[in-house]
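Asker: According to Swiss-Prot, the record shows the following:
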type	residues	note
REGION	1-229	region 'Coenzyme F420:L-glutamate ligase'
BINDING	Ile11, Pro12, Glu13, Val14, Ser40, Lys45, Asn94	GTP binding site
BINDING	Asp91, Asp132	divalent metal cation 1 binding site
BINDING	Thr133	divalent metal cation 2 binding site
REGION	230-429	region 'Dehydro-coenzyme F420-0 reductase'
BINDING	Ala269, Ser381, Arg418	FMN binding site
BINDING	Asp301	coenzyme F420-(gamma-Glu)n binding site
Amino acid sequence: MALEILGVEGIPEVDAGADLAGLIAKAGTYRDGDILLVTSKVVSKAEGRLLHAADRDAAIDAETVRVVARRGPARIVENRNGFVMAAAGVDASNTAPGTVLLLPEDPDASARALRSRLQQLTGCRLAVVVTDTFGRPWRNGLTDVAIGAAGLSVLEDHRGRTDSHGNELVLTVTATADELAAAADLVKGKATGVPVAIVRGLGHLVTAEDGAGTRPLVRAAADDMFRLGTSEALRQAVTLRRTVRSFTTDPVDPAAVRRAVAAAVTAPAPHHTTPWRFVLLESAGTRVRLLDAMLGAWQRDLRELDGWDEARIARRTARGDVLRDAPYLVVPCLVMDGSHDYPDPRRAAAEREMFTVAAGAGVQNLLVALTGEGYGSAWVSSTMFCRDTVREVLDLPEGWDPMGAVAVGRPAEVPRERRREAEAFVEVR
């Protein structure tokens, strides 16, 4: 296979409203099967996507769907086309001083329009790829990628084929359009005034139809293992926690729970103590025995302490039970080992409260870590109302005080977003 990559020289400065296809057709000589790689900047200029530089930040805001990462003034964002890139593609290079360029509003539509017009003007069967320069995760340096395409299959799926050793290819899907964009940039460069390149010798990649454009190249945020920067992911991990009351029947990975417990025991605690214990109820039989005993204790309290009749007790205890429906339970316990003894009730109460706060911090860490593992959770206070019963059923030491129970499982539905503004909970003195 022979391959040529040719820069198309002689294209003049492009202004808004220019016939870009006409300028490209006039500047080069084309053949059937040629693939034209066109830098996005000349497309944007022809489409009038030019702003005053003073409007740059506002333009980035307008083009941004979500912020992926922020480092000082620099922003990596997802734009309306699904591209994850620096500054939403708003760029001050290769444009007049005091101006910035936006990406084409619909790069695939731009590629289709260019292809149609160029094929009319040249009489050749062509493909068009609109390119832009991106940074890359895991690696330094920039390279061009495809942001718009027409007449080209942008991906080549090798899955199911075999390599030269007979091994089946299971995951290999080649980003053909990106490979072409990067190769073409070798002759286009960044400051040479050559905005278009021809890749010749790959005519078999050119399709009769315009095709799906670059959409197949764009990984949905929900499928992206690296959808946030490190700092952003750490912040979001805390706020993503929700109380989940409905679970699937999928089993819970005990190793994931133990990783969450490892996070839980990093919580702060008084006097250099470790006041947390986590009882993991991995046996269905144990869960049922505990919940049945707790139900009996609850019914006794309603009957003997609250004076309820049997019908009212039955109605109250018949309501849905998130603990009984969960595939996994954790019973966090507080131990007061290392606490200080005080002779007066004020300081004794404060000492107990210090340890209780530490227990709560451990439970919160557990819940947040479970969210990071992909599990939903719900903290329920019920074991605190029948601690003796819980200790008896689970054979726990007398000094272990159950501090509720945590239901764990895969959420049956996506938890609803909850917005709470910090100012509603803040007083400044």
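In case you wondered, yes, glycine gets a Cβ from its N, Cα and C as well.
How about a rundown of where these features are and what they're close to?
Answerer: In this structure, Ile11 (GTP binding site) belongs to neither helix nor strand by DSSP; it is coil.
Cβ neighbour count for Asp132 (divalent metal cation 1 binding site) (all protein chains, 10 Å cutoff from its Cβ): 22.
The Cβ of Thr133 (divalent metal cation 2 binding site) has Leu142, Thr143, Asp144, Val145, Asp185, Lys190 as same-chain neighbours under 8 Å, each 6 or more residues away in sequence. Look at Thr133 (divalent metal cation 2 binding site): DSSP puts it in a strand.
Averaged across the region 'Dehydro-coenzyme F420-0 reductase' (230-429), pLDDT for the predicted model comes to 94.
For Ser381 (FMN binding site), the number of other Cβ atoms no farther than 10 Å from its own Cβ, over all displayed protein chains, is 10.
If you take the C-beta of Asp301 (coenzyme F420-(gamma-Glu)n binding site) and look for same-chain residues 6 or more apart in sequence within under 8 angstroms, you find Phe385. A helical conformation is recorded for Asp301 (coenzyme F420-(gamma-Glu)n binding site) in the three-state DSSP classification.
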Asker: Give me the non-local Cβ neighbours of Asp91 (divalent metal cation 1 binding site): same chain, 6+ apart in sequence, Cβ-Cβ under 8 Å, ordered along the sequence.
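Answerer: Counting only residues 6 or more apart in sequence, the Cβ neighbours of Asp91 (divalent metal cation 1 binding site) under 8 Å are Lys41, Val100, Leu101.
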Asker: Out of Ile11, Glu13, Val14, Asn94, Asp132, which of these binding-site residues is nearest Ala269 (FMN binding site) by C-alpha distance?
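Answerer: Of the binding-site residues Ile11, Glu13, Val14, Asn94, Asp132, Asp132 has its Cα closest to that of Ala269 (FMN binding site).
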Asker: Quick one: give me the count of other CB atoms within 10 A of the CB of Ile11 (GTP binding site).
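Answerer: Around the Cβ of Ile11 (GTP binding site), 20 other Cβ atoms lie within 10 Å.
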Asker: Within 10 Å of Asp132 (divalent metal cation 1 binding site) (Cα-Cα), which of the binding-site residues Glu13, Val14, Ser40, Lys45, Ser381, Arg418?
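Answerer: Neighbours among binding-site residues, in sequence order: Ser40.
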